[in-house]
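I have placed the structure first, in the form of structure tokens, so that the comments after it can refer back to it.
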Amino acid sequence: MLIEVGHFALALALALSLVQAIMPVWAMRSGDTALRAVATPAALGAFACVLFAFAALTYAHATSDFSVQNVVENSHTTKPFLYKLSGVWGNHEGSMLLWILILALFGALVAVARDSVPTVLRANTLAVQGLVTFVFVLFLITTSNPFARANPAPMEGNDLNPLLQDFGLAVHPPLLYVGYVGFSITFAFAIAALIDGRIDAVWARAVRPWTLIAWSFLTLGIAMGSYWAYYELGWGGWWFWDPVENASLMPWLAGTALLHSTVVMEKRDALKVWTVLLAILTFSLSLLGTFIVRSGVLTSVHTFATDPTRGVFILAILILFIGGSLALFAWRAPMLRQGGLFAPISREGALVMNNLFLAAGCTTVFVGTLYPLFLEMLTSEKISVGPPFFNATFVPIAIPLLLIVPFGQTLAWKRGDVHAASQRLFAALGLALAIGLAVLALTWGGPVLAPVGIGLGAYLILGAAMEIISRARGYGGNRARTIRDVARRAAGMPRSAWGTALAHAGVGILVLGIAAQGWATEGLSNVKPGETLASGPYVATLERVGPRQGENYAETTAFLTIRNKAGDVVGTTETGKRFYPSRKMTVTESGLLTLGVSQVYASLGEVMPDGSIGLRLYYKPLVLLIWIGCLVMAIGGFVSLTDRRMRVGAPKRAKAKPLPNAVPAE
Amino acid sequence: MNRTLGPAALALLLALGAAAGAVQPDEILPDARLETRARDISAGLRCLVCQNQSIDDSDAPLARDLRLIVRERLKAGDDDRQVLDYVVGRYGEYVLLRPVLALHTLLLWLTPLAALLLGGFGIWRLARRQPSAGQQALSPAEEAEVAALVRRD
């Protein structure tokens, strides 16, 4: 019964989102304010309905209700409870429902963010958001109904793919989807501006918090996916340039560009048309990512089902939104007033360069990912575009981008002075160079690019720190006298300045982690209990190999003791092969020993009849910095979000309590 | 573990009892320099029954065969180019993870540079342009709304 009510709630959400899509526009045309007010309850109602549907599906999964087809296909009575919950979105239908839930949540948030956005803009934005929700609910109901019944209901389910039975599934998709879907808001704002034919700094301000939220979550989602792949797939890679990964990287690159171009627009009234285009492209790439992952165009573990009708429907959605929005852009963009000028050497000039490199990087990933598909379609020639291509093309674009980051922060708006900026960055540059050279000397004979990367990472971190310090010290007559003064001023700096510095330092940390993988080592051998295998500065001793019984799997486990070169025990780890009888699948469970921010990574290979095992041992120096860097970047985004300036657009808060001593915007 | 095998291939793999990870100890060449070259070459060759996995990362039986072929050719004295040519000759261009530079891949390889140049040209145009004078005025109601927003901030 609950299932049918859930299904009905989805149908109700479909109707409500249609109301939300049509009424605000109609009201704008007819000038009927009462009608316009309908959009808010419609958006809230749609969210409530989708939430109910989601709860109903979750309940079915939690209670292993095998009368529901979706539960039969993805659950099992012995499956651990956490995976019963995360299994709700570990399949096509459920993950689309989660996607829509987040979409409806964002719609509701825009609806309740009452007075923060100009009325016309908000009405149009809500309408566009309603249209997106409508189309996706329609897609779910017509092609991917999660509430279909199984008749007769089987006694047992087919279980979830063991690869997905992991904590990663609990967090990776929700984070990623908040990112993807969050960009639907910026998209809706862009379309609303185009419909209205006007765009200004108020628009940039209204869009910025949403962009920050989406970007921060997308950063976390990608990082989580990367770490999951790292420990789950058993060979210690952290980025594979897989189409599915590229699908999430593209909106991230475009979203990062958008984040920076809205700053220029807000401060200098420039780059308007470009920013609108970026907002459209970012969400288009999010949709494309969903299409790539969901349609089965590129089959991989992410594609839970391959069904051509769904592919065609998603393609239609893509054409409607991407084609429609770009057509609208081509028609209306020339009417948008072009904004202010800028000198090439200025902060906005640097931000324009940021956008150039990010856009070029995004284009490269886009073409690299889709080129084989189109080439095969057009000429039936089959080629592969893999990691060597992306490393050869994307990295040379990324490096100049990283080099200008500290300059952008240091240069003044309107007219900057490279000489002065270099002087202020002199300490960061010099120190980073010294660090790079020192590392090169210490690791002489090793890889050459790794010390360069370390220097680059250090430069980014130091540059971010220097920016905060030099701003806190002040210039000229306003120079702070004591350390306490500097600390006080630093504490009083706008949160957005801290957010920027943190995010940029996070990029530096990420670069350090990536660079250090140049020194990663691999050991590989057949070992018997009592024997050892060395990798880098560590030696693993195989203590014993034994069977172990999990909740829904049987595991062959290798127990390892890790020692350093001096022979002292630094820790133990275990790696195993898990056999899941429900799916008759074997999964390798890697063993990780974390030492500071480095890791020793063990992976069990074949178990031989003579009792020896194939053992793979990696030493991954500073590897955790890769994900810590991403985490710091996302934290930077959230810190920026708490900036006073951002209160515009934050739901309710501004309205509930007007600031008594308002500070003029920066 | 292989992340991209289809269920059928996986069942086959299990039937053969060959669930294991990538390069096996028995494949490693005694000559360390030759082995390093073999690993580098393997990282650039696609496992044909997998999705986006190099034969160096894959545990599919076909990937193992390819790894052994690469090592055979190296032992026979081929240079890296000859090994790649040999593998491409048998399996086609699809096996190369780094596409060749030829007419049909020209667009692909030119993309990064073209994107930078086009973007740079656009920026140059933008920087040269004078600001347009025509500006849509706000209606009085909107002026008030904007003023209210700015004041509250």
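Cβ atoms are placed via backbone N, Cα and C, with glycine included.
Whatever TrEMBL says is automated annotation, not expert-curated.
Note that this is a predicted model, so its numbers are computed, not measured.
According to TrEMBL, the transmembrane segment annotation covers A:6-26 (among others). Beyond its flanks by at least six residues, the transmembrane segment (A:6-26) meets 32, 35-36, 38-39, 42-43, 45-46, 49-50, 52-53, 55-57, 100, 104, 107, 123-124, 126-131, 133-134, 137-138, 140-141, 145, 147, 195 of its own chain at Cβ-Cβ distances under 8 Å.
Taken from TrEMBL, the feature transmembrane segment covers A:38-60 (among others). Within the same chain, residues 2-3, 5-7, 9-10, 12-13, 16-17, 19-20, 23-24, 27, 68, 70-71, 85, 88, 94, 97-98, 100-101, 104-105, 107-108, 110-112, 123, 126-127, 129-130, 133, 137, 146-147 sit at least 6 positions outside the transmembrane segment (A:38-60) and bring their C-beta atoms closer than 8 Å to a C-beta of that stretch.
Feature annotation from TrEMBL assigns domain 'Cytochrome c assembly protein' to A:89-295.
Summarising the annotation, TrEMBL assigns transmembrane segment to A:96-114 (among others).
Residues annotated as transmembrane segment in TrEMBL: A:126-148 (among others).
Under the heading transmembrane segment, TrEMBL lists A:175-195 (among others).
Annotated transmembrane segment per TrEMBL: A:207-229 (among others), in sequence order.
Under the heading transmembrane segment, TrEMBL lists A:273-292 (among others). Sequence-distant contacts of the transmembrane segment (A:273-292), counting only residues of its own chain at least 6 positions beyond either end whose CB sits under 8 Å from a CB of the stretch, comprise 99, 179-181, 183-184, 186-187, 189-191, 193-194, 199, 204, 207, 243-244, 247-248, 250-251, 254-255, 257-258, 261-262, 264-265, 298, 311, 314-315, 317-318, 321-322, 325-326, 329, 333, 336, 338, 355, 362, 366, 369.
The feature domain 'Cytochrome c-type biogenesis protein CcmF C-terminal' is assigned by TrEMBL to A:315-644. Per-residue confidence over the domain 'Cytochrome c-type biogenesis protein CcmF C-terminal' (A:315-644) averages 90 (mean pLDDT, predicted model).
Summarising the annotation, TrEMBL assigns transmembrane segment to A:352-374 (among others). With a threshold of 8 Å between CB atoms, the same-chain residues lying at least 6 positions outside the transmembrane segment (A:352-374) that come near it are 241, 243, 246-247, 249-250, 253-254, 256-257, 260-261, 264, 271, 274, 278, 285, 292, 297-298, 342, 382-385, 389-390, 393-394, 397-398, 400-401, 404-405, 408.
As annotated by TrEMBL, transmembrane segment applies to A:394-413 (among others).
The transmembrane segment feature in TrEMBL is assigned to A:448-469 (among others).
Residues or ranges marked as transmembrane segment by TrEMBL: A:497-520 (among others).
Under the heading transmembrane segment, TrEMBL lists A:622-642 (among others). Long-range Cβ contacts of the transmembrane segment (A:622-642) within its own chain (Cβ-Cβ under 8 Å, at least 6 residues beyond either end) map to 209, 212-213, 215-217, 219-220, 222-223, 226-227, 230, 238, 495-496, 498-514, 516-517, 520, 594, 597-599.
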Beyond the flanks of the transmembrane segment (A:126-148) by 6 or more, those residues with Cβ under 8 Å of it: 3-4, 6-7, 10-11, 13-14, 17-25, 39-40, 42-43, 46, 50, 53, 56-57, 68-70, 92-94, 96-97, 99-100, 103-104, 106-107, 110-111, 184-185, 187-188, 191-192, 307, 309-310, 313-314, 317, 320-321
Remote residues contacting the transmembrane segment (A:207-229) - C-beta distance under 8 A, at least 6 residues beyond either end: 106, 166, 168, 171-183, 185-186, 189-190, 237-240, 245, 248-249, 251-252, 255-256, 258-259, 262-263, 266, 279, 626-627, 630-631, 633-634, 637-638, 640-641, 646, 648-650
